[in-house]
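Here is what TrEMBL records for this protein:
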- 27-49: transmembrane segment (TRANSMEM)
- 76-93: transmembrane segment (TRANSMEM)
- 105-127: transmembrane segment (TRANSMEM)
- 148-171: transmembrane segment (TRANSMEM)
- 212-234: transmembrane segment (TRANSMEM)
- 254-275: transmembrane segment (TRANSMEM)
- 287-311: transmembrane segment (TRANSMEM)
- 346-371: transmembrane segment (TRANSMEM)
- 392-414: transmembrane segment (TRANSMEM)
- 420-441: transmembrane segment (TRANSMEM)
- 448-467: transmembrane segment (TRANSMEM)
- 498-518: transmembrane segment (TRANSMEM)
């Protein structure tokens, strides 16, 4: 393999800037990726065709239940594979290697936290969600809070779209390093392939392609490990004192460290791409087993990525055509750099296929997940309650295509898409998790008053706190320590967790206040302008709605799979 250049300028040890290398086009590598993409597309199309044929035999038409939750009949093995593949995306693989290389394993909290969030989901929500026969994660909110409950869909959908953008960007830079192809071409082609089989087959196509993608991902990454570790340029990674890839946590970092642990675990819970798999399971028990299997896969796939990051620390980069990655741009692509310069060509392409598989397996899921919430819980619930199944499916397809375009544009044009994703993860943790917790565990006491008030104030507080990575300077804080250099700052409190608890507390306080005022008849029902309460047959005042689908409105698509 020759020196094929990088996706950003390199800075040698003498801090002298060199010109950006010319990318060397690799026709063989490009051909292998094209073959891989064709296989993925064919599998997705086959799965979609198989499902449509089954529906014709059964005399049924395609509906939202079929497209979004695979007719609630996804097999356990396929379900576990698609759960694992969805979680282990390009950001998961590249990000783990980057963080181990940059800050050490102890700071690589995201993959561990997000993986464990699946277990927390299995215990807290998976069974309840599946028993309720929901179609999307937002259904309990719109059932309990009415049309205003659909506001929860926006931060959730935004996070899914930006997640797609971040991993498309990761793939673009990786293909640019190894194949020397244009950044825009790689991003656009990957997005188009993903959206085509997603539109034609829905969740079942996504699930079956995930099985192949996960297999290829694991094979490609683990195949490369022995070549990397035995390369003459790689030192002994077990020599921690010489090659410190473990890292340390200083006392100043502890509040932020604890905050990130909670953010990744609890903020990893309210994601539609997870619940889409849970709700596609045949039974609630199977939904929990699917979660356990998906968590195991995600934790297992941390291993190769962490090894690549550790190897990057132990490599004598003077023996390679490039200097040691020392800028944010080059550290971000440490995994493809290691694949490119420390493995034989054929191994590099297997590894490249692994990264491509990781990206596509998450991109398709995220685009479908975001579209399902916006089509069902915003368009249908708010604007077109009487819309037909055919109309909803058309809107769903339109939104999937729009999400694809938006994610692609963000991946191409926005330089800090990873920071945007981090910001949306904060929003999910601060705004969506408290709502999800309360609608399931305080159903009889929370109401629309608490939901809307806590959402609005929680969003306002999160914006006022600022987000320095995006250049948003906060006007409030809970304590910040600035070092002598005047630039390095540390949060003295776990501020994201505090904001989440404030949102939770506001919801509880406002909901209970409204509950007491109306159920104790301190206020007349005529003052209930959000229509949260009604008079029961016994003359008492009680909640008007619940998070469950009303029996009289229950449609065939909401029935439990037998």
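Heads up, the Cβ atoms here are built off N, Cα and C, so glycines get one too.
The stretch in 148-171, 212-234, 448-467 that contributes the largest number of Cβ pairs under 8 Å to the transmembrane segment (287-311) is 212-234. Panel annotation: around the transmembrane segment (498-518), residues 262, 266, 429-431, 433-435, 437-438, 442, 445-447, 449-451, 453-455, 457-458, 461-462, 465, 478, 525, 527-528, 532-533, 541, 543 of the same chain, lying at least six beyond its termini, place a Cβ under 8 Å from a Cβ of the stretch.
Counting Cβ pairs closer than 8 Å to the transmembrane segment (346-371), the top stretch among 27-49, 254-275, 420-441 is 27-49. The listed stretches are 27-49, 105-127, 148-171, 392-414, 448-467; of these, 105-127 has the most Cβ pairs under 8 Å to the transmembrane segment (254-275).
Highest Cβ contact count with the transmembrane segment (212-234) among the listed stretches 76-93, 105-127, 420-441 falls to 76-93 (criterion: pairs under 8 Å). Within the same chain, residues 91, 124-125, 128, 137, 140-141, 144, 152, 155-156, 158-159, 162-163, 165-166, 262-264, 266-267, 269-271, 410, 414, 450-451, 454-455, 458-459, 461-462, 467, 469-470, 496, 499-500, 503-504, 507-508, 511, 547 sit at least 6 positions outside the transmembrane segment (420-441) and bring their C-beta atoms closer than 8 Å to a C-beta of that stretch. The transmembrane segment (105-127) shares more Cβ pairs under 8 Å with 76-93 than with any other stretch in the list 27-49, 76-93, 148-171, 392-414, 448-467. The stretch in closest packing with the transmembrane segment (76-93), judged by the count of Cβ pairs under 8 Å and taken from 27-49, 148-171, 392-414, 448-467, is 148-171.
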